Structure formats: structure tokens, C-alpha cells
Amino acid sequence: MSEPFKSGFAALIGRPNVGKSTLLNRVLGQKIAIMSDKAQTTRNKIHGIYTTDQEQVVFIDTPGIHKPKHRLGEVMTAMALATLNEVDLVLFLIDAEQGYGKGDQYIIDFLAKVDSPVFLLVNKIDKVHPDDLLPLIDKYRSLYPFKEIIPLSALQGQNVSRLMQQIHIYLPEGPKYYPEDQVTDHPERFIVSELIREKILQLTRDEVPHSIAVVIDKMKQNEHGHLCDIQATIMVERPSQKGIIIGKGGQMLKKVGTLARKEIEALIGSKVFLELWVKVDQNWRDKEEELKNFGYIDREE
Ligand SMILES: Nc1nc2c(ncn2[C@@H]2O[C@H](COP(=O)(O)OP(=O)(O)OP(=O)(O)O)[C@@H](O)[C@H]2O)c(=O)[nH]1
């Protein structure tokens, strides 16, 4: 007799930069979540969907949990907590090289309020000596009753299949929530805005903080589906940031546009006409209305 089909939702949490997007991409085998070596690139939840003959795991890539510094931070933190209590499994990712830090204690305090089973995933083991790994694991084990502790490397792939085996064990019996060829339920618009944001962060290095947002004003395919017309606004907090993003003679914005356009074309499979604008709006992060516009708060609330 064949095993029953299992399915469920797994939330990926951890401090910024521990490798959540890298792990999600490794498991799903393609670029869905946005990767960057900078903190806080993933703002919204991204559902990555992993389907085999035996199971379907819907991954929720929550934004890095951290002490809120402004209104946006509070909203993100509240969203993350709500998510953790809804899911079947919480995957708490840490960076083996960075070791234990205050940010992790903050998350562990959160976990005390969560009923879902929690795995500790010790990532980036390719960067540490095995002798340093055991004391680190002992330290975390003393802080929280993790159901499983799995050292792995999201980048190189070590132990990722073991992680998937353990996830399977903990999943409840359930239906296929999504068709098996679907890997994300996120609207293309969101992925497009994240791709543009990623390019800006990559090209401007540390000159532009993470306080930028990209809003897609228009995204329309022409009748024959050969060309997609996209207009997007990059929101910054200060005129100096606007200057950096536009660059000398518009060079930087042009570069951002070219790189983003190529990836968007690959994503949607048609030619893209991309127009970018930059707008200064001080303290947009603190404005409730703006948060709603960006989709961080439900309009119904
Ligand atoms: N050496 C090594 N580097 C890794 C590993 N996993 C992730 N990284 C690197 O760590 C950096 C951050 O990875 P991300 O996947 O963007 O981290 P994240 O947790 O999604 O970050 P946020 O979106 O900011 O929360 C990138 O430069 C990755 O290449 C790993 O297993 N080994």
C-alpha cells in the first residue's frame, strides 16, 4: 500500500542575511526569492512550493525578525508572529559562522509563544570548522526544545536532502494545495519589483539604504503577448539618495533598468519595455497609508 500524501506550510525565519532566500532557492531549484548579500532584501512573504509524489511543502519566506525601529518594523514583526502560529512547521535558520547573537535571542523569545514544531537549521557549515559546530549546537539546544537540529549549507547543498526528509516526517496528511507545476503564488508584479530593488541594492552598494521601495505603477502585456510595458517608481527618503540612484547623466538608473529588464524578460518570457522613475518621499515607512499602498497592511483592517 502506498504512503498517504502529506502537505503543509513551513515558515522560514531567522536574522537578516542568514541565508533564507538561498535555502528556498536551493530547495525549489530556481530563482524565486531574491538573493543578496545585504540584509533585509526580502520584505513580503514568498510562497515557494515544493511538490513530489509524496508531499507538497509550501514555504513561507518571512522577513527577518528583528527589534522594530519604526512603524514598518512593527508591522513586519506582527506579520511574522501571526505566520508562525498558522504554519505546520517553523524552520529557524541561523548562521554558523556568526554564532549566537542578541537577534537570535529575540527570535527565541518569540518562539516561546509559538505552538508549531520548530527545527533549528544551522546554515553556512561550509564556513566553519566541525569542532566549532558542536558547542554552537549545544548552546542553542539549551535555549529552546527544538524538534530537530540540522546543520547544512544552503549554498553548497550539504544536508538539504536530509532537511527535506525530516520535513516530510513532520508534515500532516493533506491535499495538494497547488498544482504541481506551480512554484510560487506570488503575483509577477511583486517579483518584478523585487528584481528592480535587488539591482539597485547590488549596484549602489552601501550608498543606498534598504529604505527604498519599488512600486509597479503599470504592468501590461500587449495584445499579442510579445511585449510587456512596465512602469515603476522607486521610492527613496532623501534627495541625495535620488541622486545616487539616477547617477551621473542618468547612468545608474539606466544600468539598473537594463539589468532588471533582462531578468524580467527571462521571468515572463517576453520582451519588456521598462520605465523607471525615482520619487523622494520622506518617512514613507512611517506612513500608514503608504504601507497600505505597498500591501504591507490589509486594506480591510
Ligand atoms: N558560505 C555560505 N554562504 C551562504 C550560505 N547560505 C547563504 N549564504 C550567503 O549569505 C548571504 C545572504 O543570503 P540570503 O539568502 O540573501 O539571506 P536571507 O536570510 O534571505 O536574507 P534577508 O532576505 O535579508 O532576510 C548571501 O551572500 C548568500 O550567498 C551557505 O550555506 N554558505
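Going from the start of the chain as shown, residues are counted 1 onward.
Each residue, glycine too, has its Cβ placed from N, Cα and C.
Keep in mind that what you see is a predicted model, and the values were worked out from it rather than measured.
Per TrEMBL, GTP binding site is recorded for 14-21, 61-65, 123-126. DSSP assigns ASN17 (GTP binding site) to coil in the three-state reduction, outside any helix or strand.
The annotation domain 'Era-type G' is assigned in TrEMBL to 6-173.
Residues or ranges marked as domain 'KH type-2' by TrEMBL: 196-282.
Taken from TrEMBL, the feature region 'G1' applies to 14-21.
According to TrEMBL, the region 'G2' annotation covers 40-44.
For 61-64, the entry in TrEMBL reads region 'G3'.
Note on the region 'G4' (123-126): residues 14, 18-19, 23, 93-97, 133, 151-156, 158-159 of its chain, located 6 or more positions outside it, place their CB under 8 angstroms from a CB of the stretch. As annotated by TrEMBL, region 'G4' applies to 123-126.
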Which of these binding-site residues (ASN17, LYS20, ILE125) have a C-beta closer than 6 Å to some atom of ligand 1?
ASN17, LYS20
Under 8 Å by Cβ from ILE125 (GTP binding site), counting only residues of that chain that are 6 or more apart:
ALA96, LEU133, PRO151, LEU152, SER153, GLN158, ASN159
In three-state terms from DSSP, label ILE125 (GTP binding site) for me.
helix
